[in-house]
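What follows is a set of notes on a single structure, which appears directly below.
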């Protein structure tokens, strides 16, 4: 009986360990098509590793988050990103960071990070922030939003549409921590309505989504769709 219990325990333990470690790594690109020969590949899911004997402290250092970015644009917003691309020591560590600068009433428009959760920390200013859930059982979506002040922290779950609006009359600054060395970003308006080939009458939308689809979906005329694309160029 004791031998049977021990056997059952070992089987259960082995099954648990298998389930714990038999998971795919987090993707760091939109896709990574496999090749049989390494010399046929142009990208890897991550970066090749530097010889440890050649690593130095500068590989783990980035300078510049003390400098505000230029917010003189239509949105009144700019981001300074720190990822494995400009801080090589982040490679494989699963994190990145960004400084977000806002002009008065500046907006980081609705967007998603397909590969990362974001933690937003307010350094200066007053913000209205929020995220929208994925489709619920009733087909709707729920908004979670708050007003944040200096020192407040808000989290945006991975892949969900979210935004940050500076509702103050002064510039605002925030720091965002992201749970991927390459979180990716999809700005909703640009992805859906941004024109790619204005000369193509029926394929004005990036990435070439038929105008008929959007006219039917939003129940608006093609002229309204075309006007919207022109504002997202």
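Cβ atoms are placed via backbone N, Cα and C, with glycine included.
Some features that Swiss-Prot has for this protein:
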SIGNAL    1-22  signal peptide
DISULFID  32-49  disulfide bond
DOMAIN    63-215  domain 'Cupin type-1'
BINDING   111, 113, 118, 162  Mn(2+) binding site
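Sequence-distant neighbours of residue 113 (Mn(2+) binding site) (same chain, 6+ apart, CB under 8 A from its CB) are 156, 158, 159, 178, 180, 183, 184, 185, 186. Shown in sequence order, 112, 116, 131, 156, 160, 161, 183, 185 are the same-chain residues outside 111, 113, 118, 162 whose Cβ sits within 8 Å of the Cβ centre of the Mn(2+) site.
In this structure the alpha carbons, written CA, of residue 162 (Mn(2+) binding site) and residue 49 (disulfide bond) are 34 Å apart. On the 0 to 100 pLDDT scale, the domain 'Cupin type-1' (63-215) averages 88 in this prediction. Note: the CA-CA distance between residue 49 (disulfide bond) and residue 111 (Mn(2+) binding site) rounds to 31 Å. Look at the binding-site residues 111, 162 and count other Cβ atoms within 10 Å of each Cβ; 111 has the fewest. Applying an 8 A CB threshold to same-chain residues 6+ apart, the list for residue 118 (Mn(2+) binding site) reads 155, 156, 162, 176, 177, 178, 179, 183.
Other Cβ atoms within 10 Å of the Cβ of residue 49 (disulfide bond) number 10 in total over all chains. In the three-state DSSP reading, residue 118 (Mn(2+) binding site) counts as strand.
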